[in-house]
Amino acid sequence: MKLQMSQAGSLRARPARGLSALPRRHTVSVSAVASERLEATSSLNGGSTWNPSAWRSKPVVQQPEYLDQVEVVKAVAEIARMPPLIFAGECRTLEQRLAKASTGDAFVLFGGDCAEAFSQFSANRIRDLYRLILQMSIVLAFGGGVPIVKLGRIAGQFAKPRSAPTETIDGVTLPAYRGDIINGPEFNEESRRCDPWRLVKAYNQSAATLNLLRGFSYGGYAGLSRVSQWNLEFMKNTNEGHAYMDIAKRVDEAIQFMIACGMDTNMPFMRETEFYTCHECLLLDYEAALTRLDSTTDLWYGCSAHFLWCGERTRQLDHAHVDFLRGVNNPIGVKVSDKMDPNDIVTLIAMLNPSNTPGRLSIIVRMGARKLREHLPALISAVQRSGQVVTWVCDPMHGNTETVSGYKTRRYDNVRSEIEAFFDVHEQLGTVPGGVHLEMTGDNVTECIGGGASVSEDDLNSRYHTHCDPRLNAEQSLEIAFYVAQRLRQREQRGEDGVG
Ligand SMILES: O=C[C@H](O)[C@H](O)COP(=O)(O)O
Ligand SMILES: C=C(OP(=O)(O)O)C(=O)O
């Protein structure tokens, strides 16, 4: 990659180029509706030129209020001097994988912490999340008969958008916790002060995390012959643990059979797995400092993660986050609640993926089951009419948050119902459910209620460790994987029977 940096270490803006002039591959033509909408939004884009700092001229929300701007400049310059965390070629491969998910030839699993935390950083926690994602992928691949694209909410998922800027406890009001990359979760003035040097700490934690993930992915840990060793210790005597071991046994038998037929166990697919990282593209100072020009294509890539998404609270058409994301060439996503209007979704898609490249854009729906059944059909139909290609993903977490006994929690049944509704709606419309996006952990936490683990309301205070939103624990996550696998298998069988 060509790192365009000035001597001070900040990014030097390259001469701005029209986005339409940027080369893109495998594009699909859109209908006149989408083209008209793109034309109509070119004034929002400020013409069609882009550079990693262009967002600064737009309205921006959910950014930290730092007290000392000089320290911000120094910390951001430090990040801009650092190497990219990912390589652009990996993003292009991921885009191809996500394109397959848009047609049902692959399925995407996004999973990981709501908010990574400095205090919870450990090799064991990274390993446990990683192997849970591997386990879930095996279950999904076995059920669905398609490759699973694995995307961890990890190695950069630090910044949190908040509903309210402040928090009040016992009559004391302080700034809200916005993620460890910005301030601390402890409820005192010092901790809640936004500290720009947290940016550097988050970068370093992300680099170390990614280093271990790459080691696991390419160093033998993720080899298919180890499938039966991925079961987490505390899962061994659970229903999900047993069901997983049944599948692992069948995978082992299939491998033995293939070896007997002459298969070479040194083939890359036997020893390695692709694993990608993602996070919300929220903290634009950080993201811009890690945006680099790829020397092989002369295109900009956000190098903090392979995949970046725009949150529900920051997807305003004329605001900074959409402007930033339209210019990076990574595959990207947008979170969408029931507040999204069918016309606006077409406009937003046209802005973020003007060349209609399959795999470039995932729409991550998060509404709760009831609203999803009501609103998603109109969104899908509008996108279909416009000829736009997107990968539809279900986030069953963010439309299902409630407070019980003072804890933010989610009920397993509601999470599962939203996934059910997502598959049902796609089935009715003949469109493709492309993936799920879960807040989950390999730890044995008690943050979400229900599931086979039978976490009750009274258990919430037992192992409630999240700094922000409640995560599914390992058992609940695996249970969700079995449910999704069942839906994928039904879809596959309908395809084989020529139905749908
Ligand atoms: O995880 C996402 C958001 O940061 C979170 O849902 C917002 O939570 P809040 O409503 O408690 O601010
Ligand atoms: C904040 C998040 O989601 P949303 O933007 O959908 O609320 C998230 O996924 O962490």
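Backbone N, Cα and C atoms are what each Cβ position is placed from, and that goes for glycine too.
Heads up, TrEMBL stuff is auto-annotated, nobody curated it.
Residues or ranges marked as Mn(2+) binding site in TrEMBL: C114, H398, E439, D469. In three-state terms derived from DSSP, D469 (Mn(2+) binding site) belongs to neither a helical nor a strand segment and is classed as coil.
Cβ neighbours of R366 (phosphoenolpyruvate binding site) (same chain, under 8 Å, six or more residues apart in sequence): E312, K335, V336, S337, C394, D395, P396, M397, H398, G399, H437. DSSP assigns R366 (phosphoenolpyruvate binding site) to coil in the three-state reduction, placing it in neither a helix nor a strand. Under the heading phosphoenolpyruvate binding site, TrEMBL lists R153, E312, R313, K335, R366.
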Other residues near the Mn(2+) site, CB within 8 A of the CB centroid of C114, H398, E439, D469?
M397, T401, T466, C468, P470, R471
For ligand 1, which among the binding-site residues R313, K335, R366, E439, D469 have a CB under 6 Å from it?
D469
Least buried by Cβ count (within 10 Å) of the binding-site residues R153, R313, K335
R313
Tell me which binding-site residues (R153, K335, H398, E439, D469) have a Cβ under 6 A from ligand 2; sequence order is fine.
K335, H398
What kind of secondary structure is K335 (phosphoenolpyruvate binding site) part of, going by DSSP in three states?
strand
CB neighbours within 10 A of H398 (Mn(2+) binding site), counting all protein chains shown, number 21
Which three-state DSSP class does C114 (Mn(2+) binding site) fall into?
coil
E439 (Mn(2+) binding site) to R153 (phosphoenolpyruvate binding site): how many Å between their Cα atoms?
8
